[in-house]
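Peer 1: Just passing along the structure, written as C-alpha cells.
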Amino acid sequence: MASKGTGMSFSRKSYRLTSDAEKSRVTGIVQEKLLSDYLYRIFSPPDRGPAAATSRKPLNFHNLPEHVDQLLQVDSEDNESQGQVEGRLGPSTVVLDHTGGFEGLLLVDDDLLGVIGHSNFGTIRSTTCVYKGKWVYEVLISSQGLMQIGWCTINCRFNQEEGVGDTHNSYAYDGNRVRKWNVTTTNYGKAWAAGDIVSCLIDLDDGTLSFCLNGVSLGTAFENLSRGLGMAYFPAISLSFKESVAFNFGSRPLRYPVAGFRPLQDPPFADLVRAQRLLGCFQAVLSVELDPVEGRLVETESSEWQLQGQPTVLLTLAHIFHHFAPLLRKVYLVEAVLMSFLLGVVEKGTPEQAQSVVHQILDLLWLFMEDYEVQDCLKQLMMSLLRLYRFSPIVPDLGLQIHYLRLTMSILRHEKSRKFLLSNVLFDMLRSVVFFYIKSPLRVEEAGLKELIPTTWWPHRSSRESRDGKEAREETTEERQRRRAYERGCQRLKKRIEVVEELQVQILKLLLDNKDDNGGEASRYIFLTKFRKFLQENASGRGNTPVLCPPEYMVCFLHRLVSALRFYWDEYKASNPRASFSEEAYIPPQIFYNGKVDYFDLQRLGGLLSHLRKTLKDDLASKANIVIDPLELQAATMDDLDEDEEPAPSAAQRPMQALAIGGALPLPRPGWLSSPTLGRANRFLSTAAVSLMTPRRLLSTMEKVKVRSLNVEQRTREDIEGSHWNEGLLLGRPPEEPEQPLTENSLLEVLDGTVMMYNLSVHQQLGKMVGVSDDVNEYAMALRDTEDKLRRCPKRRKDILAELTKSQKVFSEKLDHLSRRLAWVHATVYSQEKMLDIYWLLRVCLRTIEHGDRTGSLFAFMPEFYLSVAINSYSALKNYFGPVHSMEELPGYEETLTRLAAILAKHFADPRIVGTDIRDSLMQALASYVCYPHSLRAVERIPEEQRIAMVRNLLAPYEQRPWAQTNWILVRLWRGCGFGYRYTRLPHLLKTKPEDANLPSLQKPCPSTLLQQHMADLLRQGSDVAPSFLNSVLNQLNWAFSEFIGMIQEIQQAAERLERNFVDSRQLKVCATCFDLSVSLLRVLEMTITLVPEIFLDWSRPTSEMLLRRLAQLLNQVLNRVTAERNLFDRVVTLRLPGLESVDHYPILVAVTGILVRLLVHGPTSETEQATSVLLADPCFQLRSICYLLGQPEPLAPGTTLPAPDRKRFSLQSYTDYISAEELAQVEQMLAHLTAASAQAAAASLPTNEEDLCPICYAHPISAVFQPCGHKSCKACINQHLMNNKDCFFCKATIVSVEDWDKAANTSAMSSAA
C-alpha cells in the first residue's frame, strides 16, 4: 500500500528521518493547528496535561525532535551515572564470580546468572558485596533438590562437604529440608518446589536476615549479624549435583520487590523513565485518531486501533521509535515496559482484539526498527515470557499462566516473528517446551486447591487388597457423598487445566503450520529441523545433564504434540480422501532405511547401521530399489573406525561428497557434526551415498541415478514432502506398502519424533508420578490401622488414646493434602485424554512393527525404540493409568491386546533382532503377558501357526541362550495344574507384609490348556525336540541346585562363626534365585511328564530310559538334600535370613512329589513298574526321604509306635488349603507302593564285585564298551555323556559306536579263543 512506502522512507538505518523539505511537504497533509494539537496530545509530559492552545508554541515535524529531546530529559541522570552507592562494594553489574576457583565443580551460564551443580556440593558467590543498608536479591528455583541459599563473607572457606551456612558468618535457607543453617541448623520456612522464587533479604542496619518464598515472608531467620570493619556480605549458594537455579540481582525487574529493600544491582533509572514516557507516547497514538474533515482529535479505545497507513501517524511513530528502538534491546526495559504493556493489552478486551493489537504492534516493530534491534527485542521478550510463565505461582483460576500463554500465542501468530523465533530462539536459546508444561503445586493451600476441592476422599481399600481377592466393604452413605463431592471438585480442577492445555495446543498448531510459506520455508519445516535437533541432544547427551530436557516437561510436551499432530493429520484427510485417518497412523518402513530421517546413534534391531548396510545391500536393491555405493560404504566404515582418533578440525574440514540429480552437489560438513558426542549421529547422512531407482520398476544400469539424502540442517519442503520426481521421506517404497500416502510426509516425521520422545524419558516420568497414589494408599492404610486401634484401646488408657488421636490427626491432614495433590496429578498426567494419547501411540507402534515385519530382512533397520515403546506404553496403560481408568473401556482394546501378543510371540526369538537388551525386554514382556488372564487369552487368540511357532521357540534347548525367562513362561502356563501348585503366595509368607499385588509373580494361577496342548504335540512329533529340550532342562536343574547347595554351605559357615560377620546381600539374592530356578525347572519337568509321559516311560524310544534314569538321579539328590533332619538345608531355612524368604521346604518338595506321583501312581502298571525299578536302582534312593513328605521319620516296623517328636515336622498333610485330599491320597499310595517295592528289591539284590562297577558312577554294573578305544561304563553314564560330547570320557578319542558288554559272555569267548 502507498502508506507503507511512505513509512519505509523513515528508516532508521542512518538514524536520520527526512529532509526539511520533505517535512514541510508532508505536514501539509493535515491542518497545521490540528497537527500541532495532535503532536502535543501525543508528546505531552506525563506529569501534566497538554498546555492551553493559546500559550504554547505551534508544534510540527520540523521542531518535534527538540520537543522530544526535552521530553526525554531525566533530571537524576547525573546522579545515577556515578555508579557507586553507599553500603555496596563491587561492580555495578552484579554477576556470579566464576573466577573463584569453582571451575569443574559448577556449570555457570553465559550470562553469569544461572548455575548448575556439577559436584557433590559446589559453592559460588557474587561479585558484589554489601556492608550497610537493606538489600535483596532473588533466586529462581529450577530444581527442588538440596541447595543452601543465602549470604557469606569473603573469609568463608567452603569445600565439597561444607557450603553456605556451614561456617561462621555464612547464613543459608534450605527449602529442600525446610531448615536454616549457620553452623547449626533449625527448622525454618516452607518447602520449595521447582518454579518457586526465593527472595533473600539482609538488613545491615538492624543486623537481621530473612527470606521470602514467592513474595510471602518466612519470618526473620537470623539476628545479630556480625557488622563493622571488614564485614561485608556476598550473595552465595551451595548446590548438590544436577541442581540448578538462576539469580536476579536486579538486571531484571524483581518479581517480588520488598518495600524498603534495594536490589544489589540498580535498575537503569534514566532509561526506564525514558522508555515509560515513550511508551506513553506510543499508547497515545493508539488511543487518538485524527479527523481531518472535522479538524479535531477523536479519543478511541486502543484495543480497536487499526494501522491505516496515514502519513501523519507513520511519521509520528517514526519519531517515537527513533528513541524507543535502542531502549527495547535491553532486557530490563523489555520486561518492565514492553512486557507490561503487552500483558495489559492481552488482559483487556477480547482475545481477537488483543490479537489484532499485538499483531499491529509487531508490524510496527519490524517496520520502524532495524532487523537486529527487533530480533534482540523479540529474543528478550520471549525469554522474559518464559521466565514469567515458568516461575509464576499456581493460583486457583490459573489466570497468570493463561495470560502469559495468550500473549505468547499472540506473538507467535505474527508470521515473520514466529519464523524468526522458531529459527533462532525457541529451541536454540531457551527451552521452549516449558511453555507446554503445567507445574504441579507442592503446597496445595497456596494453589487454592482447598477452595476448589473442599471435600477430600481417598480409597478405603487399596488396589493391592482388591487384587488379593478380599471382599469389598460396603460403601457407607457418608463415604459415597464425600467421594462424589471430591469427584466434582476434581472435575472443576480439570476444566481449568484444560483451558491452559488448549492454549498450549494452539501454540503448537502455530508452530506446525505449513501454509505460511510466503517468503521462506513454512513454520512446520523450521520446526522439524529444530525438533530433530532437540531430540538429538536428549538422545545423544544423556550423560550431559545441562542439555537434557526435564522429563516432567517432556510428558506435557508429548501430549500437546499428539493433539496438534492428530488435528493436522485429520485435517489433511478431510481434504484428501485417499489419505488415512490419524486412528490408522503408522510410520512406513522405508523411513528407517532410506536415510531421509536421522536416528543419530540410536540402536537398530539388526545392530549397527553400517553393518546392516553392508550385509543387506542386496536386499535394499531388490526390495526397495536403493543401491549403496561400495566406495562410499567403505569410506563410511573407515570413518567409523577412525572417528575417535580423528581431531575435530580435520573432521570438520573433510569434504562430504553428495551426488544429486543433474550432477555433483558439494555440501560442507556442519561444524556440530564434528563434536565427540554428536560425531556418529549423522554418519548415515554425512558419508554414505544412496542410489535411487524409480520405484516398482526394474531399471538398467544406465538408469540408476545416484542421489544423496540432504543433511537435516539443510532440508527443504521438497526434500521432505517430495515432488513429481522425488518421493521425499518415502523414498524406496517396498512392494508391501500401498502407493497412496498416509498423510503429509512432514507429519510422519513429527510422529516418529513423538514416539522417540516417549522412549527418551516420558515413560520413566509416568512411573515416577505414581508415587503420589502409592503415598495415598500407604497413609490410608496407616489411618485405618490407627482407627482400628482406637476402637480396641481401653478407655482407661488415656495416654495411649492421646497418642493414637494425635497420629490419627497427622494421618488425616496428610491425606487431605495428598488427595488434593493426587487430583492435580490425575488431571494433568493420568486423565482419560492422556490415556487415549498413550493408547494411540501404542497402536501406532503396533502398526509400524507389523508393516516393518512384512519387509522381511529390512525389518532389521527399524530402531529398537519402536518395540520398546510398544512394550512400555502397554505397561503404562496397565500399571499407571489402570488404577484410575479401566483399560477395557478403550476402543479396540481386545484387538490391540491380541496384536501386541502376536508381536511378542513372534519377535521374542526373531533372528533379525540381535540386541541383547531389546531381546531381554521382549522376553520379559511376554513372561509378564502370560501372567494375567486378559493378556493370556489374547495370546491364545493369535493365529495357530504363530502360537505353535512361539511354543517351538520356548522348547528350544536352553544351552547357548538366556533360558530363565523362557522357563518362567512355561511355568506360568502350567501354574494351577501342578501338584499343590495353586498358590499365589507361598504358605510361609502369608503372615508377612504383602508386596505389590500387581507384580506378575503374584498373580493368581491362570494356566493355558491350549498352549500346553501345543507343547505336548511338539514334544510328541519331533524326534529330536523332546530329547534335546529335556536334556537341557536336566542339565540346568543339576547346575542350579548344585549352585544353591554350594551357596547355602557358605552361608551356614558364615552364620556359625563366633566373630561378628555379615552375609553379602547379593550372595543371598543369587542363592534365592538359584532355588527359584530349581523349583521352576522341576515344575517344567512335572508338566512335561504329565502332558507327554511316554517320553520317559515308553522305552521303545531310544532316549527314554536314559532320560528317566537322569531324572531319577536328580530327584533323589534333591530329596536327600532337602529332607534330611537338621541338615544344611533345614538349618538355613530356620535362620529366615532376609533375602532368602522364598527358600522353604514346601515349594521344592511339592514339585518333586508331583513328578513322583505322575511316574508311580498314574498310568498303566507296566510303566509304573519301569519307573519304580529305575528309581530304586539309583544308589541315592532313600525311602526315608519319601516318608518325610508325610511327616514320618522312618517306615514303622510291626508292633512299634511313632516316637514323640521334639519339634514340628514338615508334612504335606499340614497344607490342606493348598493340597487336596485326592492329592494326599495319591502320596500315601505312592509311599505304600515304594515301601513294598523297596522291600522286594532288597531281598532280591545280589552282592556285586567292585571291579564290575561302572568307573564313572560306581553305582551300576558295566554294561557298555566304547569303540574303537575299548573303554567301558554303564549304559546310563555313556548315554548321558554322548548327549553333550562325542569324545571318550577317559582318553578323549572320538567314539564311533557303543556296544553292549556282558562279562560272562566275553569271559567264555576269551576262554574258547585261548
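Any Cβ shown, glycine's included, is placed from N, Cα and C.
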Peer 1: Quick check on the record annotations: which of ARG524, ARG683, ARG1066 is tagged asymmetric dimethylarginine by Swiss-Prot?
Peer 2: ARG683
Peer 1: Among 825-863, 903-941, 1254-1292, find the range that Swiss-Prot records as zinc finger.
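Peer 2: Per Swiss-Prot, the stretch marked zinc finger is 1254-1292.
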Peer 1: For the binding-site residues listed here (CYS1269, CYS1274, CYS1277, CYS1288, CYS1291), which one has the lowest count of neighbouring CB atoms within 10 Å of its own CB?
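Peer 2: CYS1291, out of the binding-site residues CYS1269, CYS1274, CYS1277, CYS1288, CYS1291, has the fewest neighbouring Cβ atoms within 10 Å.
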Peer 1: How many Å separate the Cα atoms of CYS1274 (Zn(2+) 1 binding site) and CYS1291 (Zn(2+) 2 binding site)?
Peer 2: 17
Peer 1: Counting other Cβ atoms within 10 Å of each Cβ, which of the binding-site residues CYS1254, CYS1257 scores lowest?
Peer 2: CYS1257
Peer 1: What does DSSP give as the helix, strand and coil breakdown of the region 'Interaction with NFKB1' (968-974)?
Peer 2: 7 helix, 0 strand, 0 coil
Peer 1: What's the CA to CA span in angstrom from HIS1271 (Zn(2+) 2 binding site) over to CYS1277 (Zn(2+) 1 binding site)?
Peer 2: 12
Peer 1: I'd like to know the mean pLDDT over the region 'Interaction with NFKB1' (968-974).
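Peer 2: 93, rounded to a whole number.
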Peer 1: From the binding-site residues CYS1269, CYS1288, CYS1291, pick the residue whose C-alpha lies nearest to the C-alpha of CYS1277 (Zn(2+) 1 binding site).
Peer 2: CYS1288
Peer 1: Determine, for the Zn(2+) 2 site, the additional residues of the same chain whose CB lies within 8 Å of the mean position of the CB atoms of CYS1269, HIS1271, CYS1288, CYS1291; present them in sequence order.
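Peer 2: So the additional residues around the site are PHE1266, GLY1270, PHE1289, PHE1290, LYS1292, ALA1293, ILE1295.
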Peer 1: CB neighbours of HIS1271 (Zn(2+) 2 binding site) within 10 A?
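Peer 2: The answer is 18 other Cβ atoms.
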Peer 1: For the zinc finger (1254-1292), DSSP counts of helix, strand and coil?
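Peer 2: The zinc finger (1254-1292) comes out at 10 helix, 8 strand, 21 coil.
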